Amino acid sequence: MQNTAKKATLPATALAALGVVFGDIGTSPLYALKESFHAAHGLGIQPENVLGILSIIFWCLMLIISIKYVAIVMRADNNGEGGIMALLALNLRKAKIADNKKIYMIAIGFIGASLFFGDGIITPAISVLSAVEGLSIATDVFDPFIMPIAIAIIVTLFLVQKHGTAFVGKFFGPITLVWFLSLGILGIHSVIQTPVVLGMFSPHWAIQFIYHHPIMTFFVMGAVVLTVTGGEALYADMGHFGPVPIRLAWFFVVLPCLVLNYAGQGALLLRDPAAIENPFYLLVPQWALYPMIIMATMATVIASQAVISGVFSLARQAIQLGYLPRLSIKHTSESEEGQIYVPFLNWLLLIAIIILILIFKTSSNLASAYGLAVTLTMLCDTILVAVFIYSAWKWSLPKVLLLIIPFFILESVLVGATSLKILSGGWVPLLIGAIAVTILMTWKRGRELTFAKLEHDTLSLDLFVKSIGNSVHWVPGDAVFMTGTPNVVPHAMLHNIKHNKVLHQRNILVTVVIEDVPFVAPEERITTETLAEHFFRIKIFYGFKDEMNVPKALMQAYEQLGLEYDLMHISFFISRDRIVHSVGDGMSPWREKLFISMQRNTSPVSDFYQIPTNRVVELGSQIEI
């Protein structure tokens, strides 16, 4: 776990968590209840329907967020880290599953991660649009400008990503706290006028609604799920803040304020059914409308920022675990390691969000696209947590099923309900998810084939070291060969002998190994091995959230080997592999073409491992897969 939670006091850390963890779920009141009474449902705004839907919302928040995520899922941490990639890595390490069966668990993890990438596109679009749409409540004059204003805010948000959010991020927590308190105050003011709405806390209203409207309930659940969007963030951001501050913020600020606001909107509908046009903004007094629109816009920008940062972080984890090709990653803060910027993803997200806004035009239309991504991600989490509880906690299978099946059934119903909206927008997360899963699976399989080919076709390192003798000319200096296959001779070394007819006095084979843990302790970073007089093998171990700096790690390795370290006398030899198609078993031709394209466009190894470019010698090689 990072040190944020350790250094700051508990209330301060809980305040910081508000701005990062709860931005997404905190903006749901802008549109969730309105969508539950969408005209397409044909549901009348009678008191029993209002109380029934409010009761379903309350119990979904309690069951999915308070019990599933806060009480159960957040205990399934990978050395303090959460998130679907961390959970997948943990299960791959702990679960006693045959290798040929692990592919199913990897597929579930990849689906969940891919849908989160889709969430990174949909969340900024729907949240910013819903905030700006408040202007149309004030006056019709703004109607033609809703989309341009939303797009302008989104573009500005993405333009500042390269500068980082270290400074403005300090204000995210306080602003979000004011936002939640505003939600609560608005709700209380309305509930006092119509206290009968407090009946929503009784589950009998939810049961009665389901009994009288079984088919309608299925449609309504597709909108109710919008109230729990962002639940995964509680788990994903656990490594940064720690579980206790997140739980504290949820139970003492977020949950009460959300419930009060939904109750307040419901009370307004009981008094004035016509308020369904926009129950959130119509809850606001006329004098406070513009300040609330500004506050809502800030809250949605903060929520969007949290999701964007989450996408960047997830991408880095996937890259370091070997599930994505290397991308250029920039660090935007000298003090906070987790603050990163991925240029390629930044512009890809921006373009996708603008296209989404132009296609769907309103937050109401986008709601159809949103729910399916959320429910499928939650279902993936549930399955992976079940595996974790069974394998790591050693619970019996009946006990695991007794705990998990209620959540599995509820979330399966939510998936089914949101699936009804595939044609009206649900296709968006499915398309994004399918593309992302294809990329993840293709890259993983392609790398496996590449390494297998290298292991099979290349000379054994031990045999090479024993046979080299004095048959080559030795030149002064150190040659570091970066290799992913430490037991065979690197292509770069063979090409160096072939073209230059020399070897250096010290030849050091360096392999970077990514462990299934977020961070590796400094004392466990390095293993060294002396193979012969001129040959050494070094393995550098990193966690999937560690910052990788090979020259810095080499300094530690040299010290272990008793060698003098001088970066200016070290040449880094890197093989630039050119992958080509070959006849035989492997991947289908279209996947091979996709893999080859990704391989050609990866970020340079020297940039990724922070190796000075003036110390790099790159030699090309061809590999058939």
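Every residue gets a Cβ built from N, Cα and C, even glycine.
Counting residues 6+ beyond its ends, the transmembrane segment (13-33) has Cβ neighbours under 8 Å at 4-5, 53-54, 57, 65, 123, 126-127, 130-131, 169, 171-177, 179-180, 183, 223-224, 226-231, 233-234, 237, 240-242, 245-246, 248-250, 252-254, 258, 261-262, 265-266, 269, 279-280, 296, 299-300, 302-307, 309, 363-364, 367 in the same chain. Swiss-Prot lists 13-33 (among others) with the feature transmembrane segment.
Swiss-Prot lists 53-73 (among others) with the feature transmembrane segment. Proximity of distant same-chain residues to the transmembrane segment (53-73), defined by a Cβ-Cβ separation under 8 Å and at least 6 residues beyond the stretch ends, is recorded for 25, 32-33, 36-37, 82, 197, 199-206, 209-210, 217, 220-221, 224-225, 227-228, 231-232, 234-235, 246-247, 250-251, 255, 258-259, 262-263, 266, 378, 381-382, 385, 403, 406-407, 410-411.
Under the heading transmembrane segment, Swiss-Prot lists 103-123 (among others).
Under the heading transmembrane segment, Swiss-Prot lists 141-161 (among others).
Look at Swiss-Prot and you will find 172-192 (among others) tagged as transmembrane segment, backed by sequence analysis. For the transmembrane segment (172-192), same-chain residues at least 6 beyond its ends with a Cβ under 8 Å from one of its own Cβ atoms are 15-20, 22-23, 26, 29, 165, 198, 253-254, 256-265, 267-268, 283-284, 292, 295-296, 298-299, 302, 305.
Residues or ranges marked as transmembrane segment by Swiss-Prot on the basis of sequence analysis: 206-226 (among others).
Tertiary proximity for the transmembrane segment (250-270) is limited to same-chain residues at least six positions away from its ends with a CB under 8 Å from its CB atoms, namely 14, 18, 22, 25-26, 28-29, 32-33, 37, 45, 47, 50-51, 53-54, 57-58, 61, 65-66, 70, 177, 180-181, 183-184, 186-191, 193-198, 200, 227, 234, 276, 279-280, 282-283. According to Swiss-Prot, the transmembrane segment annotation covers 250-270 (among others).
Sequence annotations record features per position, and here Swiss-Prot assigns transmembrane segment to 282-302 (among others) based on sequence analysis. Outside the transmembrane segment (282-302), and at least 6 residues removed from its termini, the chain residues within Cβ reach (under 8 Å) are 19, 23, 26-27, 30, 124, 127-128, 130-132, 134-135, 137-138, 153, 157, 172, 175-176, 178-179, 182, 186-187, 190, 261, 264-265, 268, 272, 275.
Residues or ranges marked as transmembrane segment in Swiss-Prot: 340-360 (among others).
Among residues of the same chain six or more beyond the transmembrane segment (369-389), those with a C-beta under 8 A of the stretch's C-beta atoms are 64, 68, 72-73, 76, 84, 87-88, 90-91, 94-95, 97, 105, 108-109, 111-112, 115-116, 118-119, 122-123, 126, 222-223, 225-226, 228-229, 231-232, 235, 356, 360, 395, 400, 403-404, 407-408, 411-412, 414-415, 417-419, 421-422, 425-430, 432-433. Under the heading transmembrane segment, Swiss-Prot lists 369-389 (among others), citing sequence analysis as support.
According to Swiss-Prot, the transmembrane segment annotation covers 400-420 (among others).
The transmembrane segment annotation in Swiss-Prot covers 422-442 (among others) and rests on sequence analysis. Beyond the ends of the transmembrane segment (422-442), by six or more residues, the same chain brings 107, 110-111, 113-115, 117-119, 121-122, 318, 323-324, 352, 356, 360, 365-373, 376, 587, 591, 594-595, 598 to within a C-beta distance below 8 angstroms of the stretch.
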Legend entry - For the transmembrane segment (400-420), sequence-distant contacts whose Cβ falls under 8 Å of one of its Cβ atoms, 6 or more beyond its ends: 60, 63-64, 68, 72, 218-222, 225, 371-372, 374-376, 378-379, 382-383, 385-386, 389-390, 426
Inset, instruction - Name the range, of those listed as 103-123, 206-226, 340-360, that has the largest tally of Cβ pairs under 8 Å with the transmembrane segment (141-161). - result: 340-360
Inset, instruction - Would you kindly list the residues that approach the transmembrane segment (206-226) from elsewhere in its chain, counting only those six or more residues past its ends and only Cβ-Cβ distances under 8 Å? - result: 28, 31-32, 35-36, 38, 40-43, 48-49, 51-53, 55-57, 59-60, 367, 370-371, 374-375, 413-414, 416-418, 420-421
